[in-house]
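J.: These came from TrEMBL, pasted as-is:
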BINDING   HIS111, HIS115, ASP300  Fe cation binding site
BINDING   LEU134, VAL135, SER136, GLY137, GLY138, ASP167, GLY180, ASN272  substrate binding site
DOMAIN    24-307  domain 'Gcp-like'
Amino acid sequence: MRILGIETSCDETGIAIYDDEKGLLSHQLYSQVKLHADYGGVVPELASRDHVKKTIPLIKEALKAANLTPQEIDGVAYTAGPGLVGALLVGATIGRSIAYAWDVPAVPVHHMEGHLLAPMLEDTPPPFPFIALLVSGGHTMIVEVKGIGEYQILGESVDDAAGEAFDKTAKLMGLDYPGGPLLSKLAEKGTPGRFKFPRPMTDRPGLDMSFSGLKTFAANTISANDDSEQTRADIAYAFQEAVCATLAIKCKRALQQTGMKRIVIAGGVSANKALREELETLAKKVGGEVYYPRTEFCTDNGAMIAYAGMQRLKNGEVTDLAVQATPRWPIDQLKPIKS
Ligand code: KG4
Ligand code: ZN
């Protein structure tokens, strides 16, 4: 069985074709980063208009790359939320319409479930159960995962998401949007120990997190120091170190609380090398393992939507002719998949 996946929830148009026996057959990605860079952040209206231009050509490309005709596709999965409503509506409307034209089912997919399941596309997928640290531009949460759709949120950010904190701090440092990867690159040249940022909300029990204070701490540190390249790198290092250490402390608690040993990291910030290393160290200490997607599938992509869509399609979760776009959609409202 083959499914076409469409991702348009934010500033990336991602299309992929997934086969439940052969795996991923093709995937295409168009990033709108350049379009939004001048504005220092995603402009929702521009994002929607660009998805309108790119989605259908990329679907054609994906079919061509997989050497398939539309008649060989058995379902169409599209991101139905959470995300920017206009951007979601583009993928949802195109996905639903194509499914109608091809006379196959349409499957609405939860974007964060897509991220959570992205490591399943790798050669060594994580076995259930595990703790998932979902760290993207819009969400930061720790989820206890017993199976597909069996999600319990153990903690989440009460303000900025980790990726958002990276981007806002990067902006303060004069880096382009999205600044997360650029800040992380700058941090590579940083001197450990020159600055020390706080580890927010680690002095009290629980798994909730807060990252907006780190941005303020960064702003104060920037204005109190010179703006040499080395100082900027040292600040970037201290900021990144604080985010990673905080996430690791919370993950450690989640492992202790649940008795689990496996950690999955997914979402844009899971591409961050320092975070991966920090969690590898934690896992080693507890005799556990860390899993994450290949770098290109950490950030938004169509492959994770096609994969999640396939699981939902096999579970019979198809919609009628409705176009579903749900900008706010808690992940723990999803249905467990009967195995
Ligand atoms: O998952 P994603 O592509 O989009 C959302 O669903 O939000 O995540 C994008 C976020 C951005 O905030 C970006 O700066 C961050 O992930 N990001 C990183 C890195 N790569 C992407 N943050 C830190 N280090 C990275 N290497
Ligand atoms: Zn995402």
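Glycine is treated like the rest: Cβ placed from N, Cα and C.
Keep in mind that TrEMBL annotations are predicted by a computer and have not been checked by a curator.
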J.: CA-CA, which of the binding-site residues LEU134, SER136, ASP167, GLY180, ASN272 lies nearest ASP300 (Fe cation binding site)?
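T.: Answer for the nearest of the binding-site residues: SER136.
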J.: Helix, strand or coil at VAL135 (substrate binding site), per DSSP?
T.: strand
J.: Taking a cut-off of under 6 Å between Cβ and any atom of ligand 2, tell me which of the binding-site residues LEU134, SER136, GLY138, ASP300 pass.
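T.: SER136, ASP300, by Cβ distance under 6 Å.
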J.: Restricting attention to the domain 'Gcp-like' (24-307), give the mean pLDDT.
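T.: For the domain 'Gcp-like' (24-307), the model's average pLDDT rounds to 98.
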J.: What does DSSP say about ASP167 (substrate binding site): helix, strand or coil?
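T.: In three-state terms, ASP167 (substrate binding site) counts as helix.
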J.: About how far apart, in whole Å, are the alpha carbons (Cα) of GLY137 (substrate binding site) and HIS115 (Fe cation binding site)?
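T.: Here the two Cα atoms lie 12 Å apart.
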J.: Looking only at SER136, ASN272, the binding-site residues on record, which one has the least crowded Cβ, with the fewest other Cβ atoms within 10 Å?
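T.: Comparing Cβ neighbours within 10 Å for the binding-site residues SER136, ASN272, SER136 has the fewest.
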J.: Within its own chain, what residues at least 6 apart in sequence put their Cβ under 8 Å from the Cβ of VAL135 (substrate binding site), listed in sequence order?
T.: ALA161, ALA162, GLY163, LEU247, ILE265, ALA266, GLY267, GLY268, VAL269, SER270, LEU275
J.: As a check: which entries in LEU134, VAL135, GLY138, ASP167, ASN272, the binding-site residues, place their Cβ less than 6 Å from an atom of ligand 1?
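T.: By the Cβ criterion, which requires under 6 Å to ligand 1, the hits are GLY138, ASP167, ASN272.
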J.: For HIS115 (Fe cation binding site), which of the listed binding-site residues (GLY138, ASP167, GLY180) have their CA atom within 10 A of its CA?
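T.: Final answer: none.
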J.: May I ask for the distance between LEU134 (substrate binding site) and HIS111 (Fe cation binding site), taken between their Cα atoms and rounded to an integer number of Å?
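T.: Cα of LEU134 (substrate binding site) to Cα of HIS111 (Fe cation binding site) measures 11 Å after rounding.
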J.: Do me a favour and check the Cα-Cα span between SER136 (substrate binding site) and HIS111 (Fe cation binding site); whole Å is fine.
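T.: Between the alpha carbons of SER136 (substrate binding site) and HIS111 (Fe cation binding site) there are 11 Å.
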J.: For Fe cation, what surrounds HIS111, HIS115, ASP300 with a Cβ no more than 8 Å from their Cβ centroid?
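T.: Here the nearby residues are GLU7, SER9, CYS10, THR79, MET112, GLY114, SER136, GLY267, ASN301, MET304, ILE305.
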J.: How many other Cβ atoms sit within 10 Å of the Cβ of ASP300 (Fe cation binding site)?
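T.: Step by step: centre on the Cβ of ASP300 (Fe cation binding site), count other Cβ atoms within 10 Å, giving 26.
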J.: May I ask for the distance between HIS111 (Fe cation binding site) and ASN272 (substrate binding site), taken between their Cα atoms and rounded to an integer number of Å?
T.: 20
